[in-house]
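A.B. asks: Mind looking over this structure? Questions follow.
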Amino acid sequence: MASEKVETVVAGNYLEMEREEEGSKSTSGKLSRLFWHGGSVYDAWFSCASNQVAQVLLTLPYSFSQLGMLSGIIFQLFYGLMGSWTAYLISVLYVEYRTRKEREKVDFRNHVIQWFEVLDGLLGKHWRNLGLFFNCTFLLFGSVIQLIACASNIYYINDNLDKRTWTYIFGACCATTVFIPSFHNYRMWSFLGLVMTTYTAWYMTIASLTHGQAEGVTHTGPAKLVLYFTGATNILYTFGGHAVTVEIMHAMWKPQKFKMIYLIATLYVLTLTLPSASAVYWAFGDQLLTHSNALSLLPRSGFRDTAVILMLIHQFITFGFACTPLYFVWEKFIGVHETKSLFKRALARLPVVIPIWFLAIIFPFFGPINSTVGSLLVSFTVYIIPALAHMVTFASAPARENAVERPPSKLGGWVGLYSMNVFVVVWVLVVGFGLGGWASMINFIHQIDTFGLFAKCYQCPPHKA
């Protein structure tokens, strides 16, 4: 009876919010409804798929050169499924937390629920602090990576300015994301972002196959353990885009429908990443070991320039995706989160952009930084903490009995669920954080020794006079 009551409360509150939203839509302009204000299942799918692949699409061929073709394909499939599993766990914990709070008459209409608040409500302040540290640090460096990617990409169209100067310029451009209130307002951007990555992925695939194998091409990967685990960790990072899952769910009118969205988004993303990474690696082989941005090896053409421009726009979108949860945290810290003044919130958000800008200038290592962030931050934020939190939350018999979302019987019920969670924690702790962290840090330090901090133009070819 308890579980039935909880289910009713969840459905009742979400339906009430949906009706309220539909009412507000009727008074707003048609263009605003079409392009700006989204909360459907489709909006969530576009957000997940668009946010998941981003600039890492350009570094996956680099990972294949480190891993070899077979391992690269296997790790993509494996981490794609593992990422979908932990996204499902996060969605279950979000619904559990929100249900409990709404039974206590808590109103979230002017408050965006975040992952650290879910941990706080279900498990206490120590879990909250852990989640806050890893999530914010990951999102901070995720935003840094987007700025680095912007500078790396634009350089292949216009090399009159060095990459560091381009980082200054794009840092200012990306700062305009402070004016996008929440994930409700990414409807148009999410759709366009997925179109852009789809074009770029298939351009990379077709251009590589058309180009054919480079003269004297070799495929020696995997050659070194350091490179092998660095590449594996970059793929771990690829499917770890759900550090913003809670915020995307909160933007939905019916968040309980999220459960399968991330898996379906991942399956689509695999249709982009597997062909493009395989084709580029087949064409250029070991050259990719010193060209972490795949676009640098493809011949200059109108199609390539189009791909570069589209990825630049997409990186602006992804910067907003990574930064918006940080904006929310900062707003809550200084007490302006629930204000209705968009201009006031935008001004309050600006200090968040400054450290991101600065870090992108210090560590401009496109490619290696993905693996480092993946091993040290994504491993905990996206995989280990959600699996552990789910096990602890439902450790007691009453918690399992009253759970809003019960594990599917085809997965073996609670026993099967706990078994999968234990596997995720052990695997990611040993392979992702342990071996991946060791390899990524060695590679990252090598980049610092080779190029130095504040590198003016990382992996730039000699400039022609």
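Every residue gets a Cβ built from N, Cα and C, even glycine.
Annotations for this protein, taken from TrEMBL, read as follows:
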type: DOMAIN; residues: 37-430; note: domain 'Amino acid transporter transmembrane'
type: TRANSMEM; residues: 73-95; note: transmembrane segment
type: TRANSMEM; residues: 132-154; note: transmembrane segment
type: TRANSMEM; residues: 166-184; note: transmembrane segment
type: TRANSMEM; residues: 191-214; note: transmembrane segment
type: TRANSMEM; residues: 226-249; note: transmembrane segment
type: TRANSMEM; residues: 261-284; note: transmembrane segment
type: TRANSMEM; residues: 307-330; note: transmembrane segment
type: TRANSMEM; residues: 350-369; note: transmembrane segment
type: TRANSMEM; residues: 375-399; note: transmembrane segment
type: TRANSMEM; residues: 411-435; note: transmembrane segment
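Distances, neighbours, how buried they are, the whole picture for these features please.
C.D. replies: Taking Cβ pairs closer than 8 Å, the transmembrane segment (73-95) reaches residues 10, 48, 60, 67, 113, 115, 118-119, 122, 231-232, 235-236, 238-242, 245-246, 249-250, 255-256, 258-260, 262-263, 266-267, 269-270, 273-274, 277-278, 382-383, 386-387, 389-390, 393, 404-405, 420-421, 424, 427-428 in its own chain, all 6 or more past its ends.
Same-chain residues lying 6 or more positions outside the transmembrane segment (166-184) and placing a CB less than 8 Å from one of its CB atoms are 37-39, 47, 112, 143, 146-148, 150-151, 154-155, 244, 247-248, 250-251, 312, 315-316, 319-321, 323-324, 327-328, 342, 345-347, 349-350, 352-353, 356-357, 360-361, 364.
Residues of the same chain lying 6 or more positions beyond the ends of the transmembrane segment (191-214) and with a Cβ under 8 Å from any Cβ of it are 46, 49-51, 53-54, 57-58, 61, 272-273, 275-276, 279-280, 282-285, 287, 294-295, 298-299, 301, 303-304, 306-307, 310-311, 313-314, 317-318.
Residues 44, 47-48, 51-54, 56, 59-60, 62-67, 71-72, 75-76, 79-80, 82-84, 86-87, 90-91, 94, 112-115, 118, 135, 138-139, 142, 182-183, 255, 258, 262, 266, 273, 289, 321-322, 324-325, 328, 367-368, 370-375, 378-379, 381-383, 428, 431-432, 435-440, 442-443 of the same chain sit 6 or more residues outside the transmembrane segment (226-249) yet have a Cβ under 8 Å from a Cβ within it.
Nonlocal intrachain contacts for the transmembrane segment (261-284), taken as residues 6+ away from its ends with a CB within less than 8 angstroms of a stretch CB, comprise 41, 44-45, 48-49, 52-53, 57, 60-61, 63-65, 69, 72-73, 76-77, 80-81, 83-84, 87-88, 91, 197-198, 200-202, 204-206, 208-209, 211-214, 217, 219, 238-239, 242, 245, 291, 294, 297-298.
Sequence-remote contacts of a segment are chain residues at least 6 beyond its ends whose Cβ falls under 8 Å from one of its Cβ atoms, and for the transmembrane segment (307-330) they are 47, 50-51, 54-55, 57-58, 112, 114, 116, 132, 135-136, 139-140, 142-143, 146-147, 149-150, 153-154, 156-157, 170, 173-174, 177-178, 180, 182-183, 186, 189-190, 192-193, 196-197, 199-200, 203-204, 243-244, 247, 295, 337, 345, 348-349, 351-353, 356.
Tertiary neighbourhood of the transmembrane segment (350-369): same-chain residues 59, 62, 140-141, 143-145, 147-149, 151-152, 163-164, 167-168, 171, 174-175, 178, 230, 234, 292-293, 323, 326-327, 330, 440, 443-444, 447-448, 451, 453-455, 458-459, selected by CB-CB distance under 8 Å and a gap of 6+ residues from either end.
Here the transmembrane segment (375-399) has long-range neighbours at 82-83, 86, 89-90, 92-93, 96, 119, 122-123, 127, 130-131, 134-135, 137-138, 141, 233, 236-237, 240, 242-243, 414, 417-418, 421-422, 424-425, 428-429, 432-433, 436-437, 439-441, meaning same-chain residues at least 6 beyond its ends whose C-beta is under 8 angstroms from one of its own.
Within its own chain, the transmembrane segment (411-435) has Cβ neighbours under 8 Å at 82, 85-86, 89, 225, 229, 232-233, 236, 374-376, 378-380, 383-384, 387-388, 390-391, 394, 400, counting only residues six or more beyond its boundaries.
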